[in-house]
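> Sharing the feature lines straight out of TrEMBL:
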TRANSMEM  7-26  transmembrane segment
DOMAIN    14-228  domain 'MacB-like periplasmic core'
TRANSMEM  268-288  transmembrane segment
DOMAIN    273-387  domain 'ABC3 transporter permease C-terminal'
TRANSMEM  322-344  transmembrane segment
TRANSMEM  359-384  transmembrane segment
TRANSMEM  405-426  transmembrane segment
DOMAIN    435-624  domain 'MacB-like periplasmic core'
TRANSMEM  658-679  transmembrane segment
DOMAIN    664-774  domain 'ABC3 transporter permease C-terminal'
TRANSMEM  714-735  transmembrane segment
TRANSMEM  747-769  transmembrane segment
Amino acid sequence: MNKIKTILGRAFPLALGLALSIVMIARICFDLSYDKFYEDADRIYRIRTTSVLQGTVSEYFNVSGGVAPGFRQYVPGVEEATRTTFIVDSPNFTDSEGNTVSASRDILLADTSFFHVFKRRILVGDPAEILTVPLNAMVSESFAAKLGGIEEAVGEVLYNYDMPQIPMTVCGVFEDFPENGSLDIDVLVSMSSMPSISTENWLGNDRYAGYVKLAEGVDPHSLDDAIRLMQEKNQPLEELEKEGTSIRYWLTPFDRVHTSDPEVRNSMILLGIVSLLLLAISVLNYLLSTVSDAVRRSREFATRKCYGAEARNVYGILLREASLVMLAALAIAVLLLVAAGPFISNIMGVSLSAMMVPLTWIVVAAVVVLVLVSTALVPGWLYMKIPVTAALRNWSDSRRSWKHSLLITQFTVNVFMFGMLLAITAQYSKVMSDDPGYDYDNVYSVFTSGLPEETVRTCMTELSSVPGITDVQRCSNLPLEGSSGNNIYLPGEERALLNIADQYYGTSGFFDFFGIPIVEGRAPAAPKEIAVSRSFVSEMARLAGWADGAVGKQVLLSEHSAENDDYFTICGVYEDYLIGSFNNPDERPSIRFWAEAPNDYVYLHYLLIKTEDSMPDAAAAIENVVGSVVGGTRQIEVISYEEQMRNLYSDNRKSRDVFIMGCIFSLLISIFGLVGYIASEANRRSKEIAIRKINGAKASDITAMFAADTLRMAAVAIIIGDILLYVAASGYLTLFPERVSLSAWNFVAADLLLALLATASAAICSYRISRANPVESIKNE
């Protein structure tokens, strides 16, 4: 029974560390395995663009429509090429019976070469034929299931909410793309649905994602000259360079695109640090337990050596014992992971089963073996160093320096984890509470694209009459969605001066709705008027010499200016506001247009509603009003702007939650180690404690003795932990464009928390020992 108790006592803290480490290792391996499942994955590349405009360098992955096919046509060594682009903004379709079917993944346009590059099992249909016909579509197996199954899906006609008059016919079904893939697609529509002016152009309209598959043995770097020749044949490079513009294309391995994303890379680093620390603290805790047992077991191994046991026999015994502990720890870890399955999915953004890719099993197996070997070899080495004669002559080396070193290391890990948690939490709080330059409190949006204009206007009228609703406006894009770009030209000049963040259209009250101040002039109120950001004025003063301001000046804009004399007049300047998120802000100058109603060139996708603070169930009230006007023709979704802002920083929140779990688990493991240490020290010093009590020491004195011993170790850990914390936290915060300052309170709070928890745990653990009968201790001696 005692043996089982000992095994479980050592297995439980080891299980805590293993369970959380396995989750984090699984997520890292999941990210590392992204896009490696494709056939010939090592030959698939994504086309990357580097552009220079008046000295400003930009890098992005999108290209113009003709670039990807051009690679296949003009660049030797390119075996296949394909491109995709977005087609609709709404995920919702209406089927032939009027039912709403929602895509949970992307809806894209693709050409006939798509499945030549990204090979998937085709369940029904021939992509080479289907994707040549305009408005033909192929759907994923899971989307087909929503339509009633594969057979029922083929032939179904779908109408997207965004384009309710345009039928898309399902002609084929493909196998779902795995979760560890950058391409997550439910619906592929034929690229021929787009006009050729978009799919074949070589400059501008860079909305396409381009991919190539190289022939075997071709080095992508060897294609640089051929790519340049391709551009010279199809793009006026010399003219562009004279105007201060240059464009270059590069090939990036497709299976590295995901891990090259800064947010993904940062997340992997954090997960790796936490998992490594938890594994370390778990192993150290096990070693602390075995070292504490060294005095008792030294005689056992000395006796075995007297009867002929060699080093391999000692290591074999310890390996068997460690194996039993490891098996028990793994069993407990599995139970914990099963019980926490939904919580893990929420924190990691993907289910544990999906994260168990082949690489995960390999790495987890290697970690288990490494931990197992460590927990057997180190104790074995210690026992082999104890002389047989010393062990048999009542050897009493307490190995106190070893115990202190192990506990100090555990405490150091806790200081580091606490401090990093505080830094990450402070950064999360900052991005959530910082001023984006506009007011989004009590703001809701409804996606109205595809609805008849009369219906939308009726919705606005009805909403405006609802008590508690203070304003109703419309716009093309929400600031948090980011922005596409267009170029600025001056009348009579052909050179592009500036690439701006185009925020497109808003109704007359847009600026007042969001509380964006107009610092000069007024808001636009006519089709040929625009408002520009303050940074736009600064850039144009630098590039075009606009020393007297921007109001009244005229400019041309790519996409918007149909002719060389199609000017837009700047009527106002507004204060810069955040476009995108604080983690990934679009720092380009921006512009806004005016529109009250959509047309062939103007779109107003969103209905914006602002309510009073006191309005109860605002979202439900808005949904009821809009739903009653629209009727049962489509589902209405009312989205809180505040909730969308929270979702922008979900990665920050997940990092915080990961460190919270890491702190809890590391603290529990350290407490187990501290309890074992105090029990060992109490047993070793039982005679000393008894004599102290006989001489008048109180229980509080004995408790204080152990607490002081623990506090001394905590003090050493605090010094080391603070140094490591400063380096790591400073590096972490530099990853964010908008970041919190690293405060001394981060260190003080982490230090105090560790000191209080350590001394409190020591005091509680030693309290029972301090009340033991001293006579019994002396009798045992």
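Positions of Cβ are set from backbone N, Cα and C atoms, glycine also.
Fair warning: this is a prediction, and the values are worked out from it, not measured in the lab.
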> Can you work out the mean pLDDT of the predicted model over the domain 'ABC3 transporter permease C-terminal' (664-774)?
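The average pLDDT of the model in the domain 'ABC3 transporter permease C-terminal' (664-774) works out to 76.
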> Pairs of Cβ atoms less than 8 Å apart decide it: which stretch in 7-26, 268-288, 405-426 has the most with the transmembrane segment (714-735)?
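Answer, by Cβ pair count: 405-426.
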> Could you check if the transmembrane segment (658-679) is in contact with the transmembrane segment (268-288), meaning 3+ Cβ pairs under 8 Å among residue pairs at least 6 apart in sequence?
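Yes, the transmembrane segment (658-679) and the transmembrane segment (268-288) are in contact.
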